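> If you scroll down you'll find the structure; I have some questions about it.
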């Protein structure tokens, strides 16, 4: 008989559909929506970079804020700012300044991401974590089946009005999710301990902890390479989310109504993969699953980069490969990093990880914007290069892990 999932991750998993369903709906059309309202690809690239810079600054203080406020309160307050307020602004904006403010507020999401990640993993056994992330993947898979509704809405009302309605729905759904989830969460034991400790310490103490975390990271080769995987993984997500959909619609001339069907196809493939392979997902083989998934995503992105305009088959095949790759890679990209961290220092290590991610990915938005303006095909090429770099880091992490007789050591971050 399986051990039941602890309350905090169970609550997060149950509430997740209220976030991921509207998120999947509007992200398909977000970049095209802003381009049709007068932004250029370079404008969009710089707004993405600004968002990533704000994320980097919020990530830098996310460990301290999460420890000081507590995981539960930080998640509640910052999610209201970074998701509820931001989606409402995206829905009603008509100018660069309105979109800029939405991107700015959304950048604070790194604080709530750290809090959410702590609530998922603290008080949760290492063996349970891959199960938690697989459950979240199942939720994301089911949510994709709702995406054709967005395609139908865009077809009936047009990209601009349809996307505004999708953003308004996201505002309502995400706000409800934040309220429902807040009622079900409980502060973790480590969170209570860190809240008590942080109140007695000066804020500069957190800088000492961050420096200690960076030094410890440099001595732990396995975790260092896993951080490399995570950084490149997030770079390619940023590029694919912002520009690959626009590339498919603008350069490959895929109709918006057909684009609305692709998330449902992706979810169907994910559901088949989860039903077939989920029982084989074991942490002992985590590196193999992660590398296989990243390899499939790389192949899918390269296929899109070399596709001819108005050809539907490459888009369908790339969607299938991307879906399978995400199912295989995502739970283990998350769980391998989570298991390599010390529970007591998770918030500080996550702050360091997020800063490293954003230092690397912040320029990627502007670079991708200029590349897209130069030639749209260069956006998926850039994403493919990030995935290849992730594969290289993953193989280096696997080899470093094999040289350790008992796996990667925990980090000593004592002041």
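Every residue number used here counts from 1 along the chain in the order it is shown.
Any Cβ shown, glycine's included, is placed from N, Cα and C.
OK, TrEMBL features for this one:
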DOMAIN    1-401  domain 'Major facilitator superfamily (MFS) profile'
TRANSMEM  12-32  transmembrane segment
TRANSMEM  44-65  transmembrane segment
TRANSMEM  74-93  transmembrane segment
TRANSMEM  99-120  transmembrane segment
TRANSMEM  132-154  transmembrane segment
TRANSMEM  166-185  transmembrane segment
TRANSMEM  223-246  transmembrane segment
TRANSMEM  258-277  transmembrane segment
TRANSMEM  289-306  transmembrane segment
TRANSMEM  312-337  transmembrane segment
TRANSMEM  349-372  transmembrane segment
TRANSMEM  378-397  transmembrane segment
> Can you find at least 3 Cβ pairs under 8 Å between the transmembrane segment (349-372) and the transmembrane segment (258-277), where each pair is 6 or more residues apart in sequence?
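No; fewer than 3 Cβ pairs under 8 Å.
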> Which bits of the chain, at least 6 residues beyond where the transmembrane segment (258-277) starts or stops, bring a Cβ under 8 A of a Cβ in it?
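That would be 24, 28-29, 134, 137-138, 140-145, 147-152, 154-155, 245, 248-249, 312, 315-316, 319-320, 322-324, 326-328.
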> Same chain only, please: residues at least 6 beyond the ends of the transmembrane segment (312-337) with a C-beta under 8 Å from a C-beta of the stretch. Say none if there are none.
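For the transmembrane segment (312-337), the list is 129-130, 133-134, 137, 141, 223, 226-227, 229-230, 233, 248, 252, 254, 258, 262, 265-267, 269-270, 273-274, 277, 281, 283, 286-287, 289-301, 303-304, 306, 353, 397.
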> Three or more CB pairs closer than 8 Å, sequence separation of 6 or more: does that hold for the transmembrane segment (74-93) against the transmembrane segment (289-306)?
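Contact criterion not met.
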> Under 8 Å, at least three CB pairs between the transmembrane segment (223-246) and the transmembrane segment (289-306) (pairs 6 or more apart)?
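Yes, the transmembrane segment (223-246) contacts the transmembrane segment (289-306).
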> Near the transmembrane segment (132-154), which residues from the same chain, at least 6 beyond its ends, have a CB less than 8 A from one of its CBs?
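For the transmembrane segment (132-154), the sequence-distant neighbours (Cβ-Cβ under 8 Å, at least 6 residues beyond its ends) are 5, 9, 12-13, 16-17, 20-21, 24-26, 28-29, 120-121, 124, 162-163, 165-166, 256-264, 266-268, 270-271, 274, 278, 281, 326-327, 330-331, 334-335.
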> Going through 44-65, 166-185, 289-306, 378-397 one by one, which has the most CB pairs that fall under 8 Å from the transmembrane segment (12-32)?
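By Cβ pairs under 8 Å, 166-185 leads among 44-65, 166-185, 289-306, 378-397.
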> Average pLDDT across the domain 'Major facilitator superfamily (MFS) profile' (1-401)?
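Result for the domain 'Major facilitator superfamily (MFS) profile' (1-401): average pLDDT 86.
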